[in-house]
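Annotated in Swiss-Prot:
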BINDING   Leu121, Gly125, His126, Leu127, Ser355, Pro356, Phe357  (6S)-5,6,7,8-tetrahydrofolate binding site
MOD_RES   Lys229  N6-(pyridoxal phosphate)lysine
SITE      His228  site 'Plays an important role in substrate specificity'
Amino acid sequence: MLKREMNIADYDAELWQAMEQEKVRQEEHIELIASENYTSPRVMQAQGSQLTNKYAEGYPGKRYYGGCEYVDIVEQLAIDRAKELFGADYANVQPHSGSQANFAVYTALLQPGDTVLGMNLAQGGHLTHGSPVNFSGKLYNIVPYGIDESGKIDYDEMAKLAKEHKPKMIIGGFSAYSGVVDWAKMREIADSIGAYLFVDMAHVAGLIAAGVYPNPVPHAHVVTTTTHKTLAGPRGGLILAKGGDEELYKKLNSAVFPSAQGGPLMHVIAGKAVALKEAMEPEFKVYQQQVAKNAKAMVEVFLNRGYKVVSGGTENHLFLLDLVDKNLTGKEADAALGRANITVNKNSVPNDPKSPFVTSGIRIGSPAVTRRGFKEAEVKELAGWMCDVLDNINDEATIERVKAKVLDICARFPVYA
């Protein structure tokens, strides 16, 4: 018999200590990694529920195991909410991650060796959009497109490459691009050569749900996303589509199960259902609007302090600082800010002279700080502190002064009050 009073603290002190230290780190550090966010206690309650015990291979109403009548309700709620939130008529909520969702799309639509047009990782794309170290780059013939001199996606180049290479699929989406993507233009290019348009909206799904960023679902053949990042749910993936192509939907379902995965994680799917409901609330729209405002406010400070922002600004939740002119590496900047309890990630910038392990830039995102209540005044102050650190990167006294300010503002704006 399992007793409800069982706990980790009494049983595994070593593990519990690490968990508690991570909790403190999240409260006492300012999180600016663009792909990170804080999920709600409701989502965590779902993920720590007895749903974790249930195997449910298959889909609602078509399971390979008995006893699925209640998890069917859970999964159907998640499916229906995903479709409603993004205006889709198909949703698969089972992918364990965004990469798994992307893998399923490749598997459903392509054969190994097919040509794919994807955004260059060094110019803002994602590993799963064709990086040679990823399955996408190993199994498919990848043709990369990029950005122009202004830092915007070069649609003329994309159209030219599409016409020349005749890819079977074009991928829209990014991990480090601060502009607005013209999904309709991408579909036009795809249609001109008879290619699929697949959009990975993982980074901007929350903004899209709130109407702050254009929705790709009406334009793409298939859309994927993570359920964390701006959507602020549990770590997981989601596939969406619109257009009524039932054969395509069957292929997508089969590509997730049984092709790529076995049993779905029902406790995570419950967490997704909670997060999708939260994303329909009026306060979620206000939150996402503030995410965009905060990113713009931070960019303004960096520009005024003489820092180069890739593409000159941001139209979403993230932006890149190009530190080449400052003679700093992304690795150095990441480490120095980390010592001041400010967490960012080093990131390659266009035409980066440094390796991906060193880089010449950092990526900054506003979702997590906005989640804890920061508005323009706080993020402007924060951006100023970051400039102080970067201007004096070897001055530990400056870093300690900034760290003290960070600890103070974190205490005033707790993640979990």
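Along the chain as shown, residues are numbered 1 onward.
Each residue, glycine too, has its Cβ placed from N, Cα and C.
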How far apart, in Å, are the two Cα atoms that lie farthest from each other among Leu121, Gly125, His126, Leu127, Ser355, Pro356, Phe357, the residues recorded as binding (6S)-5,6,7,8-tetrahydrofolate?
-> 17
Cβ neighbour count (10 Å, all chains) around the residue listed as 'N6-(pyridoxal phosphate)lysine' is 28
In angstrom units, rounded to an integer, how far apart are the Cα atoms of Phe357 ((6S)-5,6,7,8-tetrahydrofolate binding site) and Lys229 (N6-(pyridoxal phosphate)lysine)?
-> 23
Should one count Cβ atoms within 10 Å of each candidate's Cβ, the binding-site residues Gly125, Pro356 would be headed by Gly125
Let me know the DSSP-derived helix, strand or coil state of His228 (site 'Plays an important role in substrate specificity'), please.
-> coil
Cα separation, His126 ((6S)-5,6,7,8-tetrahydrofolate binding site) to His228 (site 'Plays an important role in substrate specificity') (Å, whole number) = 16
